[in-house]
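Engineer: Below you will find the structure I want to go over with you.
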Amino acid sequence: MDYTLDLGAVTRNLGPLFDGLAVTLQLTVAANIIGITAGFGLALLVLSRFALLRLPAMLFVEFFRCTPAIVQIVWFFYCVPMLFNVFLDPITMGVLALGLNLTAFNAEAYRASIQAVPREHLDAGIALGLTPAQRVLNIVLPQAMRASVPVLLTNGIGTFQQSALVAIVGVADLMYQGKTLATQTYRPIETFTIIALFYLAVSFPVSQLVGWLERRRGLAAR
Amino acid sequence: MTAIPQDAALVRITDLHKGYGAHIKVLRGLNIEMKPGERVVVIGPSGGGKSTLLRVVMGLEEIQQGSVTFAGKPYISAEGSKTRIDTEQRKKIGMVFQHYTLFPHLTVLQNLTLAPRKVHGVSRSAAEDRGRAILARFGLDAKADAYPSQLSGGQKQRVAIARALMLDPQLMLFDEVTSALDPELVAEVEAVILQLASQGMPMMMVTHDMWFARNVASRVIFCAGGVVVEDGPPEQVLGNPKEERTREFIDRVFHIKG
């Protein structure tokens, strides 16, 4: 193949790529705020004794876990305006679609962490005279929160990567700007390689942090 | 200890029935009267209901029938399908478990002070002073600021005992507290329990260590099939049991132990 690399075609046009990165980071941060907070509430519903609360919550989780993210995003962008007559700007729609998806996955992380607190610790809490609320606040939640941090970070960085899917519905994120640039410059190899490096540059430190946290936890659990 | 008339029972268990689900019956009409100052060791085959008995006395289990009184007052009773547990009475009882139950996110001292501060409203500094004093008594003063993950199994169990003592229990329950330990760590935990015994702490314990049972017990109860089979001083139950089932069990245990 006779192809000469010309990185200049991309480096001369970094402006739009950084604009796209800013949008991608906005989507990621906002979706994570939704996912980290609503995910916790959803986990409590999933763990509820009352079927009326538990079953809808489980259905919500399974819907997002068992359908492709791209289908969720496309469905959200096309069906929500038609069904509910709600028209929001694309970034808000993207945040909601990604945020709800992350909510479901984070709820699972919280649920697993809460259930991983050994039963014996709760028995010890009863033996020490702690009330049910004190047992939850002082024994269950501190342990569950710590245990869930690595998974929440992994899910969060997953959402950062999945956010590239919103490009297909016209949100001007990093992926969208990259596609546009590649088309304009006829330089897909250079453009998409650099786009990949952008994603890598953000994800890699976080995944390293997760690895470090898990090693530290592994040591503490001995 | 509080002023309980010497003739009154510290714990009176009457016709206790406890099962799991519809088919598994663990305790089938168990009666025990424990006097103040007694150190009761419960022995018996696994599945005989020993640990369940301790868990019931700690107020951790629902019961199907019967009642438990503590210090002469009602504590646990089965009323229809519900179990009534007086949580104020429950606070007078401490328990140490077979599995490590120190809270891993708290230091040793924080483990000790959590309940006094939250349950009894003791100030942090008062609770910490008390905690350090108890740790010193058990030779653990250097570990006050360590996390449970930094302790050996024996140290964890000693801290768990110290944690229970912070609440001035009138009865201590020990449920196979040395079973999960490496053999060389058993002695340090048993020494702490013997120290408490010598100070007159009433206790009820389950152990498979017959030598320790003989050392610590003022009374041994052989429990099998969910009822008390034999009940008496350690010399009798462990040394010269009256009941055939007790004798078979003791023979087997000492034979295995060599």
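Any Cβ shown, glycine's included, is placed from N, Cα and C.
These came from TrEMBL, pasted as-is:
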- A:20-47: transmembrane segment (TRANSMEM)
- A:21-210: domain 'ABC transmembrane type-1' (DOMAIN)
- A:59-78: transmembrane segment (TRANSMEM)
- A:84-105: transmembrane segment (TRANSMEM)
- A:151-172: transmembrane segment (TRANSMEM)
- A:192-213: transmembrane segment (TRANSMEM)
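Quick one: where do these features end up spatially?
Structural biologist: Among residues of the same chain six or more beyond the transmembrane segment (A:20-47), those with a C-beta under 8 A of the stretch's C-beta atoms are 53-54, 56-58, 60-61, 91, 94-96, 98-111, 114-115, 152, 155-156, 159-160, 163-164, 166, 171-178, 198, 202.
Beyond the transmembrane segment (A:84-105), the same-chain residues lying 6 or more positions past its ends with a Cβ under 8 Å from any Cβ of the stretch are 23, 26-28, 30-35, 38-39, 42, 60-61, 63-65, 69, 72-73, 76-77, 155-156, 158-159, 162-163, 166, 169-173.
Listed by sequence, the residues of this chain that lie at least six past the ends of the transmembrane segment (A:151-172) yet keep a Cβ under 8 A from its Cβ atoms are 19-20, 23-25, 27-28, 31-32, 35-36, 39, 69-70, 73-74, 77, 90-91, 93-94, 97-98, 101-102, 105-106, 109, 112-113, 179, 199, 202-203, 206-207, 209-210, 213.
Counting same-chain residues at least six beyond the ends of the transmembrane segment (A:192-213), those with a Cβ under 8 angstroms from any Cβ of the stretch are 7, 10, 17, 21, 25, 149-150, 153-154, 156-157, 160-161, 164, 174-175, 178, 182.
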